[in-house]
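**Student:** Swiss-Prot lists these features:
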type	residues	note
CARBOHYD	Asn185	N-linked glycosylation site
CARBOHYD	Asn258	N-linked glycosylation site
CARBOHYD	Asn361	N-linked glycosylation site
CARBOHYD	Asn411	N-linked glycosylation site
REGION	1-26	region 'Disordered'
TOPO_DOM	1-85	topological domain 'Cytoplasmic'
TOPO_DOM	107-446	topological domain 'Lumenal'
Amino acid sequence: MSRRNAGAMQREGSVKDWEEFDPSPSPKLAYSQSYVAMRGLLTSVASLDLVLMSSSLKSAWAAISSHKHARSLERSRSKGMSLKRAMLQLLVCFMVGIFIGFTPPFSVDLPGKIASENGRLPFDGDAIDRRQMVERQGTKLEPFVAEAESEASSEPQVEEGPPVPAMLDDEADFVEASPIVHSVNDSGIVVRKHLIIITTTSVRPHQAYYLNRLAHVLKDVPPPLLWIVAEWPYQSRETAEILRSSGIMYRHLICNRNTTNIRKIVVCQKNNAIFHIKKHRLDGIVHFADEERAYSADLFEEMRKIRRFGTWPVAIHVGTKYRVVLEGPVCKGNQVTGWHTNQRRGVSRRFPIGFSGFAFNSTILWDPQRWNSPTLESIIVHSGGRGGLQESRFIEKLVEDESQMEGLGDNCTRVMVWNFELEPPQVNYPIGWLLQRNLDAVVPIT
């Protein structure tokens with residue numbers, strides 16, 4: 001054996017002996033365990049770092065995503081608000097456009113513009129002179145020429161009175177200064193004077209017949225017309241029903257005076273109607289229409305021609321002799337020159353006509369100074385006087401003489417009112433119908 005082999009054997013033996021008797025672990029084993037432990041530690045640390053990094057990334061991403069979501073919500077909310085604002089502005093602009101589209105163009109000087117464009121409509125403003133309008137329009141304003149001439153004449157000016165009560169607001173107005181019924185060119189607008197018809201009535205057998213007959217005549221008269229019915233001693237249901245069913249604008253008054261004198265009762269009824277006109281200052285033509293008279297509808301159209309006082313003839317049926325007497329004016333044109341009269345001898349009447357033979361302007365009652373009335377006392381009907389003196393005294397308070405009267409009915413040649421004495425003065429039972437005592441009972445009641 002060589003020295004090299006012996007040395008090798010000696011090293012192996014020494015190594016085996018060292019390894020057999022050395023209590024410490026093998027250095028190769030220790031290195032592998034520490035490496036594994038270190039590697040596990042590093043792995044756990046790396047995994048922990050990854051977990052921490054992933055959680056931080058997740059939280060950061062969540063924060064970023066939540067911020068983005070919040071910003072998107074705010075952005076969507078702002079977009080919604082702006083959209084609503086835009087829609088509201090669009091709606092407002094649309095409504096304003098519709099309002100402007102339906103509003104007709106106008107100017108501040110509206111009356112002057114209308115008067116300049118349409119000569120048929122007169123205005124009494126300071127900027128428009130009536131005479132200049134008539135000269136500029138020529139024949140187009142023929143209906144208003146009479147009005148302008150009457151205003152320039154010496155006749156008293158009829159100013160605008162207080163407003164008519166609410167019960168008359170729905171009625172058509174009329175031109176006071178114009179004495180005729182006229183139409184405004186071809187527009188179809190007809191201006192008529194207001195008629196105020198006064199009728200006295202009382203409960204009696206033929207009351208319904210007379211009122212219905214007069215109501216049918218008045219219903220055929222074109223409006224405006226007011227029917228004032230004064231009743232005594234109370235407002236009966238039958239009369240109220242007749243007035244309601246007539247289709248005419250009416251006033252139902254009463255005279256509750258405690259008397260049995262027929263003349264005083266009629267005077268009370270007429271004065272109550274006059275006081276009603278004075279109180280409300282009704283403007284129109286007044287006529288006392290007796291319910292027992294027979295009227296032609298043409299008479300009421302003739303009344304609208306009256307400026308101050310108008311009169312016409314009345315035919316009176318005298319008793320059972322089948323004779324007719326004419327009572328009323330004698331005219332030359334429309335000027336009253338004399339009278340047809342049936343008055344008795346010894347009775348002198350200044351104006352020999354009855355209440356059914358004249359009509360007058362109502363402004364004489366509540367403003368007589370406009371017409372230079374001959375009397376300053378209150379214009380009422382007095383109960384004194386017989387044989388037509390009552391009517392004559394009432395007319396004397398309205399006019400001075402025949403020059404202030406106007407004759408109607410084709411120069412006072414037409415008869416439009418008839419007075420027929422049809423109703424008996426008193427309705428009684430025939431003789432023998434009224435028993436003074438009761439009959440004796442044939443079968444007594446036990």
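Cβ atoms are placed via backbone N, Cα and C, with glycine included.
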**Student:** Using a 10 Å radius around its CB, how many other CB atoms surround Asn361 (N-linked glycosylation site)?
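**Tutor:** If we count other Cβ atoms within 10 Å of Asn361 (N-linked glycosylation site), we arrive at 21.
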**Student:** Taking only the Cα atoms, work out how far Asn361 (N-linked glycosylation site) lies from Asn258 (N-linked glycosylation site), in Å, as a whole number.
**Tutor:** 31
**Student:** Need one number: mean pLDDT over the topological domain 'Cytoplasmic' (1-85).
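**Tutor:** Mean pLDDT for the topological domain 'Cytoplasmic' (1-85): 56.
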**Student:** Just name the winner among Asn258, Asn411 (the glycosylation sites) by count of other CB atoms within 10 A of its CB.
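**Tutor:** Checking each of Asn258, Asn411, the winner is Asn411.
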**Student:** Name the secondary structure element type, per DSSP in three states, that contains Asn411 (N-linked glycosylation site).
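**Tutor:** Note: Asn411 (N-linked glycosylation site) is coil by DSSP, not helix or strand.
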**Student:** For Asn361 (N-linked glycosylation site), which DSSP three-state class applies?
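**Tutor:** The residue in question, Asn361 (N-linked glycosylation site), is strand (DSSP, three-state).
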**Student:** Provide, as an integer number of angstrom, the distance between the C-alpha atoms of Asn258 (N-linked glycosylation site) and Asn411 (N-linked glycosylation site).
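**Tutor:** Here the two Cα atoms are 44 Å apart.
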